[in-house]
């Protein structure tokens with residue numbers, strides 16, 4: 001359908017360049033997290049969870065996952081926290097409920113930072129949102145979208161049972177040599193990416209690759225000459241990351257790119273504008289759709305439908321899309337990567353989640369949107385002195 005082969009090749013080159021930035025970013029982030037996990041670095045987080053009161057544990061797990069997911073991606077956070085739950089709580093309905101809390105928390109935590117979720121990362125890399133404004137605008141709605149389901153779950157019979165006995169497995173896993181150092185450097189590398197982008201103006205994946213390179217040199221130096229520690233090095237970690245997932249994103253984003261190049265997404269945007277004149281309703285509908293359809297193609301399609309001339313950088317629409325696509329997936333267990341991972345790890349079926357959790361997640365989703373819209377109509381802003389800090393004032 002292209003006017004000429006040259007036009008098709010030009011569009012392909014442009015789309016491939018954009019998609020590759022996201023793919024390299026994900027490869028770097030997943031490898032860093034895998035290295036930290038191989039060194040048992042996350043024991044620093046999990047060892048500090050000491051409460052066995054069911055209701056308190058519900059809130060602790062929720063907020064630990066929430067903040068962990070704001071730095072890691074929601075899929076990795078879910079795998080780490082569900083693995084922890086297996087060591088903290090014996091198999092039961094209560095453990096399933098805690099797993100569902102992890103899914104909701106991971107999705108809510110990933111929505112308010114540029115590196116917390118694939119969809120927010122996509123919007124950030126392509127310039128629709130910036131670091132400070134996103135964190136400022138979406139933190140409170142994300143907290144509300146987690147707090148409401150937690151409060152409602154605290155009233156259920158599962159959360160009011162007897163205290164849970166901890167497993168002895170947790171203490172048996174020893175942290176690898178220099179595990180604390182690897183944890184600190186890995187975490188620092190992830191947090192440094194937005195700073196790197198603001199200071200240099202280079203794409204975020206370059207910052208992620210720089211962080212991975214530093215961690216690679218560090219781990220090679222620490223484990224030099226010890227053949228028994230090969231699994232703790234980057235080459236082995238690269239073989240363990242979810243390459244299938246990365247290739248899935250590659251395929252989806254390239255497919256959406258073809259729809260954008262053919263002009264189909266622009267026609268869809270015009271149709272939505274004509275029939276749903278309210279941009280907030282469109283963003284909310286995207287979130288509801290993300291409970292059924294994967295949020296990556298949804299957000300990619302939205303970016304193709306509306307460019308920065310339709311909605312400028314950091315417009316309310318883009319922030320609401322980031323929030324809704326991130327948190328809307330919690331409403332069904334198949335709506336997010338975190339939910340699918342939980343489903344596989346704990347053998348939870350679709351209908352159990354639908355009966356026990358979907359209503360709570362929907363209440364949190366609606367409360368988060370209301371909070372965001374209310375906050376945008378109130379005269380709240382950060383002090384100007386904070387906004388003048390160079391690495392957080394820009395993108």
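Including glycine, each Cβ sits where the backbone N, Cα and C put it.
Among the features that TrEMBL reports, domain 'Citrate transporter-like' is placed at 20-303.
Sequence-remote contacts of a segment are chain residues at least 6 beyond its ends whose Cβ falls under 8 Å from one of its Cβ atoms, and for the transmembrane segment (57-85) they are 26, 29-30, 33, 37, 42, 45-46, 49, 51, 95, 97-99, 101-110, 112-113, 115-118, 142-143, 146, 150, 153-154, 159, 164, 170, 187, 190-191, 242, 245, 326, 336-338, 341-342, 345-346. Feature annotation from TrEMBL assigns transmembrane segment to 57-85 (among others).
Per TrEMBL, transmembrane segment is recorded for 97-115 (among others). A Cβ distance under 8 Å defines the sequence-distant neighbours of the transmembrane segment (97-115), meaning residues of its chain 6+ beyond its ends; these are 29, 57-58, 61-63, 65-71, 73-75, 77-78, 81-82, 85, 89, 121, 123-124, 129, 131, 134-135, 138-139, 141-143, 145-146, 149-150, 153, 156, 158-159, 190, 193-194, 204, 322-323, 326-327, 329-330, 333, 336, 338-339, 342, 345-346, 348, 353, 356-357, 360-361, 364, 368.
According to TrEMBL, the transmembrane segment annotation covers 135-155 (among others). For the transmembrane segment (135-155), the residues of the chain that approach it from at least six positions outside its boundaries are 55, 58-59, 62-63, 66, 97, 100-101, 104-105, 108-109, 111-113, 314, 319, 322-323, 326-327, 357, 360-361, 363-365, 367-369, 371-372, 375-376, 382, judged by C-beta separation under 8 angstroms.
If you look up TrEMBL, you'll see 181-199 (among others) marked as transmembrane segment.
Packing against the transmembrane segment (205-225) from elsewhere in the chain are residues 21-22, 24-25, 28-29, 31-32, 35, 125, 177-178, 181-182, 185-186, 188-190, 192-197, 232-234: each is 6 or more residues past its ends and has a CB under 8 Å from a CB in it. Under the heading transmembrane segment, TrEMBL lists 205-225 (among others).
Taken from TrEMBL, the feature transmembrane segment covers 246-269 (among others). Sequence-distant contacts of the transmembrane segment (246-269), counting only residues of its own chain at least 6 positions beyond either end whose CB sits under 8 Å from a CB of the stretch, comprise 1-2, 11, 15-16, 18-19, 22-23, 26-27, 30, 118, 294, 296-297, 300-301, 304-306, 310.
According to TrEMBL, the feature transmembrane segment maps to 281-308 (among others).
Within the chain, the transmembrane segment (320-345) has long-range Cβ neighbours (under 8 A, six or more residues past its boundaries) at 74-75, 77-79, 82-83, 99-100, 102-104, 106-108, 110-112, 116-120, 123, 129, 134, 138, 141-142, 145, 245, 279-280, 283-284, 286-292, 295, 298-299, 302, 353-354, 357-358, 361-362, 364-365, 368-369, 372. What TrEMBL lists as transmembrane segment is 320-345 (among others).
Outside the transmembrane segment (357-375) by six or more residues, the chain places 97, 100, 103-104, 108, 137-138, 140-142, 144-149, 152-153, 280, 284, 287, 319-320, 323-324, 327-328, 330-333 with a CB less than 8 A from a CB of the stretch. The transmembrane segment annotation in TrEMBL covers 357-375 (among others).
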In the predicted model, what is the mean pLDDT computed over the domain 'Citrate transporter-like' (20-303)? 83
